[in-house]
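Student: Input: one structure, supplied below.
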Amino acid sequence: MAKNRRDRNSWGGFSEKTYEWSSEEEEPVKKAGPVQVLIVKDDHSFELDETALNRILLSEAVRDKEVVAVSVAGAFRKGKSFLMDFMLRYMYNQESVDWVGDYNEPLTGFSWRGGSERETTGIQIWSEVFLINKPDGKKVAVLLMDTQGTFDSQSTLRDSATVFALSTMISSIQVYNLSQNVQEDDLQHLQLFTEYGRLAMEETFLKPFQSLIFLVRDWSFPYEFSYGADGGAKFLEKRLKVSGNQHEELQNVRKHIHSCFTNISCFLLPHPGLKVATNPNFDGKLKEIDDEFIKNLKILIPWLLSPESLDIKEINGNKITCRGLVEYFKAYIKIYQGEELPHPKSMLQATAEANNLAAVATAKDTYNKKMEEICGGDKPFLAPNDLQSKHLQLKEESVKLFRGVKKMGGEEFSRRYLQQLESEIDELYIQYIKHNDSKNIFHAARTPATLFVVIFITYVIAGVTGFIGLDIIASLCNMIMGLTLITLCTWAYIRYSGEYRELGAVIDQVAAALWDQGSTNEALYKLYSAAATHRHLYHQAFPTPKSESTEQSEKKKM
């Protein structure tokens, strides 16, 4: 399928090219670009593209790095994607003083355009996760998210609330993009979208969200409050102030917002100019944007994205990695699958689930890595007893690691995830046993060796008993020897041809019982179990003639 793409140049801009992409297998070779991870369908249902999300956040370079998720949300057609593209320029050129780029360079990255109809749908993330060194030397992963605008003509209230709420739940820095002023309905919508957070806070006694930044675009009153963060702080203090003469509803809105976010700030940005607002062919060139806007833009973007300003994503006091963020994405989207907005408290349940799943994934990954070091692909064969001892030791360490992680939901809620962890570790252990056994040169010869031993023993017994006149026992041994020889030939044919693999597995099971335990009872029990499980193999190998089966059924009726 043909699709237009733009290659990034040294300024963070793009030159447009056309590529032919016919399948998802070719996606990894694409240049960095926006990837839609939350899809809003025509029936207003939501779908998470887990494949795309995993490809971006679970890449080896970033999956174990603590993540900073920056999101821009707000009403549609207010310049969110336009702003995101300046963020991209900064992230690609932050070492440069003049990071905004060439004044004749079109602005590209996240899809945007002028006009009155919506452009972005669902949630898009930039396919390249940026690795940034914070002032303390820690390297963090920075993820940029662009969201569908709220309250467009094609979206329901549920659509708008879901996208805004989900982006707020996932992000560590939420930019609330507003036009001209912070009006009362803007605050009420924010209250609606973060209602989940208020209820979650009542359960955990922690503020559910981190940083909220009111970005007021097209600010027209610099004589009252100056452009920038200082003027924004004074303006926001006045706008969110709770006073005794306010109506209770207005007080509740402001108290609610303060109770949901750890940090709240504001930035006032001037209008970009009439050329931007009225030119249908405006493509983002800086030369067409007012100097006052560019001046404040150069302050805003570093204020948001400089290393010292980055807030690592935290949930319940725990710093989240890219791997953990994937689990939260999956858990949160589940609560939005129904036809109506879920009860806000379900966000706490989803958070607790994701929290526990992330702990399970971390503990399981720890077990997996250490077992790979012990008996991985390039390691020699390990004695089964030693392997079991290492397994029990590492399993105990993984369980201890799981229990040591701070998790929401309480001990009772976490118990089933502990059981899930133990079950998954035991399944991994079985795989490691099989992998380890495959390295044993004698393991491959176990079945034929066992059958040869049976043939030899029955041959000797048949000869001795025949010599002393015990013909019945000799005949029985000869019969067993013949059946064993047929079994050996059958096993060899199965190994050669690859047919009747289930029958081959039955033969291996019986031979393993004789080899490992040396117990006739164990062998007979396994033979009986295998026969009961795979009866259809007998009927497939020795089909009953139709006439004979008909006669038998008629006799039964009589």
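The chain as shown is numbered from 1 upward.
Placed from the backbone N, Cα and C atoms, the Cβ positions cover glycine too.
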Student: Region 'Linker' per Swiss-Prot: which of the ranges 286-294, 304-312, 439-447 is that?
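Tutor: Checking Swiss-Prot against the ranges 286-294, 304-312, 439-447, the region 'Linker' one is 439-447.
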Student: Just to verify a number: CA distance, Gly79 (GTP binding site) to Lys395 (N6-acetyllysine), in angstrom, no decimals.
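Tutor: Gly79 (GTP binding site) and Lys395 (N6-acetyllysine) have their Cα atoms 51 Å apart.
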Student: Short question: which residues 6 or more past the ends of the transmembrane segment (472-492) have a Cβ under 8 Å from it?
Tutor: 447-448, 451-452, 454-455, 458-459, 461-463, 465-466, 500, 503-504, 507-508
Student: Which sequence-distant residues neighbour the transmembrane segment (450-470)? Criterion: at least 6 residues beyond either end, Cβ under 8 Å.
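Tutor: Long-range Cβ neighbours of the transmembrane segment (450-470): 477-478, 480-481, 484-485, 487-488, 491, 511, 514-515.
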Student: Among all protein chains shown, how many Cβ atoms are found within 10 Å of the Cβ of Gly79 (GTP binding site), not counting that one?
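Tutor: That number is 20.
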Student: In which DSSP state, out of helix, strand and coil, do we find Arg217 (GTP binding site)?
Tutor: strand
Student: If you draw a 10 Å sphere on the Cβ of Val276 (GTP binding site), how many other Cβ atoms land inside?
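Tutor: Result for Val276 (GTP binding site): 18 other Cβ atoms within 10 Å.
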